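Straight out of Swiss-Prot:
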ACT_SITE  Cys90  active site, nucleophile
COMPBIAS  7-16  compositional bias 'Polar residues'
COMPBIAS  45-55  compositional bias 'Basic and acidic residues'
COMPBIAS  250-273  compositional bias 'Basic and acidic residues'
COMPBIAS  284-296  compositional bias 'Basic and acidic residues'
DOMAIN    81-783  domain 'USP'
MOD_RES   Ser16  phosphoserine
MOD_RES   Ser42  phosphoserine
MOD_RES   Ser67  phosphoserine
MOD_RES   Ser473  phosphoserine
MOD_RES   Ser766  phosphoserine
Amino acid sequence: MPGVIPSESNGLSRGSPSKKNRLSLKFFQKKETKRALDFTDSQENEEKTSEYKGSEIDQVVPAAQSSPINCEKRENLLPFVGLNNLGNTCYLNSILQVLYFCPGFKSGVKHLFNIISRKKEALKDEANQKDKGNCKEDSLASYELICSLQSLIISVEQLQASFLLNPEKYTDELATQPRRLLNTLRELNPMYEGYLQHDAQEVLQCILGNIQETCQLLKKEEVKNVEDLSTKVEEYQKEEMSDNNSMEMDNMRHSEDYKEKLSKGNGKRKSDAEFGNMKKKVKISKEHQSSEENQRQTRSKRKAAGDTLEISHKIIPKHISENESTRPSQRKSKVKINWLKSAAKQPSILSKFCSMGKIATNQGSKGHCKENEYDLEEDLGKYENDNTTNDCELESPGNNDMPVHVNEVKPINKGAEQIGFELVEKLFQGQLVLRTRCLECESLTERREDFQDISVPVQEDELSKVEENSEISPEPKTEMKTLRWAISQFASVERIVGEDKYFCENCHHYTEAERSLLFDKMPEVITIHLKCFAASGLEFDCYGGGLSKINTPLLTPLKLSLEEWSTKPTNDSYGLFAVVMHSGITISSGHYTASVKVTDLNSLELDKENFVIDQTCEIGKPEPLNEEEVRGVVENYDNEEVSIRVSGNNQPSKVLNKKNVEAIGLLGGQKSKADYELYNKASNPDKVASTALPENRNSETNNTNGTDESDSNKESSDQTGINISGFENKISYVVQSLKEYEGKWLLFDDSEVKVTEEKDFLNSLSPSTSPTSTPYLLFYKKL
C-alpha cells in the first residue's frame, strides 16, 4: 500500500482495488447524506404543515366561539342541583336523585340523623371502655351512611337556595359531589371500590338495606335504654315507698305523742284515743265516769270519720311543720318525685292529705334538694318528647302556695321515634303472600315474604313462545307488551306437576298443586325492576359481563292499580314519579339517567338553616375539598374518564384552556367542567353569605340616608346575620321560583339537568321501536 500511493501510472490507477473501495465508500456516504437531507426536508415540511394546521385550527375553532355556549348554559340553567360523575358513578347519581325527590325520605333521614348525633355524643363519652370498642366501630360505620346522606341533602339544598337568590354567581353548571357517600358505600361494600360500572338496582338495595340495619340497631339501643330507664324508675319508686313508710311511722309517733298530751291534760286513758279515733273534749266528773265511758265507745264507733276530719284541721299543720324542721331536704325530693307514683298501689297518708287538698307545700330554691330530680329528668329527657314532659304538672320553685298534684306514670311517647325507625318499612317495603293449594284436598298454605322491589319480565320466555297455549297470560298476545302483562307474569298462577310435585301435609304424599303470588301489604312507594338483561348465548362476549340488553319496548302507564293481584280489595292507586333509564348494550357498560316529576311543591317546607351559610355544624355540614385532595381524586380516575391534572409546575397547553375543558365529554354525554372549579364556587362562603333578594336590597337602601357608611354597615350586617323577615322573604321567593316547575319532568344526566316535555318523556318511556335507551327502574308513589 505505501508503494501504491505515490504511483501516478494509469495502469495502476485503473487496476487498483483501493480505488473501487473509495468509490464504494463515496457511494455509501452519498446515500447517508441523501437520507439526512431527506430527513431535514421532512422536518421542514412537518413544521410547515403543523403551522398550517395550527392556523387552520385557530380559524375553525376560535376562542370566541365558546362564549355563546356559556351564554346558552346560563339561560338554560335550572334551579335543580345535579351530581358530578366521579368515575362511572352514573348508577349512583341516578338513584340518589330519585331518593332525594322521594316523598318522606328526606324528613326520615333528617330524623335519623338527629338521633345518631345524640348517640355519637354518648359514644364519645364511653370511648375509654375497651369491652365495647368493636360494637362502637360497627355502629359508627353503619351510622356514617345516614350522616353522608344528610350531608348530601344539606349541600344540595344550600346550593339550590344560593342559586335562586343569586343566579348570576353560577354561569356554567349547578352540581355537587357525592364523594362522602361514595366513600361510605365503599367501606360498607368493597364491591364499589374502583371505577367499574355497577347495577343501579343493586346500589339501591345496598343503600336501603344499610339504612334498615341502622334503624334496627337504633331501635335495639332504644329498647335497651327504655328498659334501663324503667329499672331506674322502679328503684325510685321503691325508695319512695320506703320513705313514705318511714314518714307514716313518724306521723304515727307524733300523733301518739299528741294523744298522750291530750289524755294527760283531760285525765283520760291512752287507749281511749288510738289511731286518730279521738273523742270530743268535754268536762266530766268523777261520779259519772263509768256511764260516760260506755257513751264514748258508742259515739266513737258512729263518728269515727267525722271526728277525724274535724281534728285534722288542728293536727296536720303541727306535724307538717315538725317534719319540715327535722327533714326538709328529704321531704322536698319526695314531693317532686310523687308524679312518678302509680295510683294502683296502696295510698299512703301523704297521698290522702294531698287528695284532700289540705297540704300547701313550701318549695325552696336549694340546689341540694333537687339532685334526684335533675338526674331523673335528664334521663327522661333523652327518651321522651317535649309533649310528654309538658303534660306532667311539676311545680316551679317560685310557687309557694300551690298544691301538689300526684299523677300516674305516663308512657313514653315513641310515635315519632317509631316512624323514624321504620323509614324503609313504611316507604319501600311491602309484603307478599305465597299461596299453595293442593288439587286433591283443596287445602291452602300461606307463606309471607317482605319485598322492596318487584322484578318483572319485559318479554315472553322462549318456552312460552314455542307453546301456543297462553293460559298464564290473561291478555292476548300482542307485539307490544304492557306493564300490566309483566305484573301478571310476576303474580301468575303456577301449576306444580311432574317431578316438582308438592308434598301435602293433609294427604301425606306428593300431589299436584297450584301456587300463586299476591300482594298483601303495599308500601308508599312501589319500585318495579324491569328485567332488561339476560344471559347472552354467545361463547365470547366482547363487552364482558355475560348479560346482554333486551331492548324490547314495554308500554308503561302513568297510573297503576294493583287491586287485581291483592289479597283484599283496595282503592289505592299509584302514580309514576321517577324512572331510571339505561342506555347501552350490556349491564357492564352504558349509562344511567334519572327522570323525576316535580310534584308537591305547594307543601314544600324549606329548612331555614340552609339559608345561613356560616354554620358551625361539624357533622351535617358538607366538607369542601382543598387543592391537594382534588389532585389526588382527579388523578385516580381510570382511563375511561377524562383526567385533568391541576398542578403549578405543569403548565396547561394553549389548546386545552379553561373554556375548552367545559366541552369535554364524560360518560353518557356528560359535559362537565373540572370538579375542583365547581366546588370552589359552590363552597365559597363569601359569595353565598351575601345572598339577598334584589327587592330587599332596594327596600333597605331606600330607608337609608344615602351615605356610603350606612350602605357598608348594612352590607356587613347582611353578612354577619339576617333577620327573621329576611328569612321569610327568601323562603317565599325560593318557593315561588320552584313552583314554576310543578308537574314537569326533569332529566338528570349526572351534572346536567334538563326539562323534558311530557310528550317526549312518554315517547322515551314507551317507544314504538327498540331503542338502546330503555326504562330500567320504575317508581310509583301512592296517590
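Cβ coordinates are placed from backbone N, Cα and C, and glycine is handled just like the others.
Quick caveat, the model's predicted, so the values are computed rather than measured.
Have a look at these and tell me how they're positioned relative to everything else.
Neighbour density for Cys90 (active site, nucleophile): within 10 A of its CB lie 29 other CB atoms from the protein chains shown.
Within 10 Å of the C-beta of Ser766 (phosphoserine) there are 16 other C-beta atoms, taking all protein chains into account. A coil conformation is recorded for Ser766 (phosphoserine) in the three-state DSSP classification, outside any helix or strand.
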Looking only at C-alpha atoms, tell me how far Ser766 (phosphoserine) is from Cys90 (active site, nucleophile), rounded to the nearest Å.
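Between the alpha carbons of Ser766 (phosphoserine) and Cys90 (active site, nucleophile) there are 22 Å.
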If you average the pLDDT over the domain 'USP' (81-783), what number do you get?
67
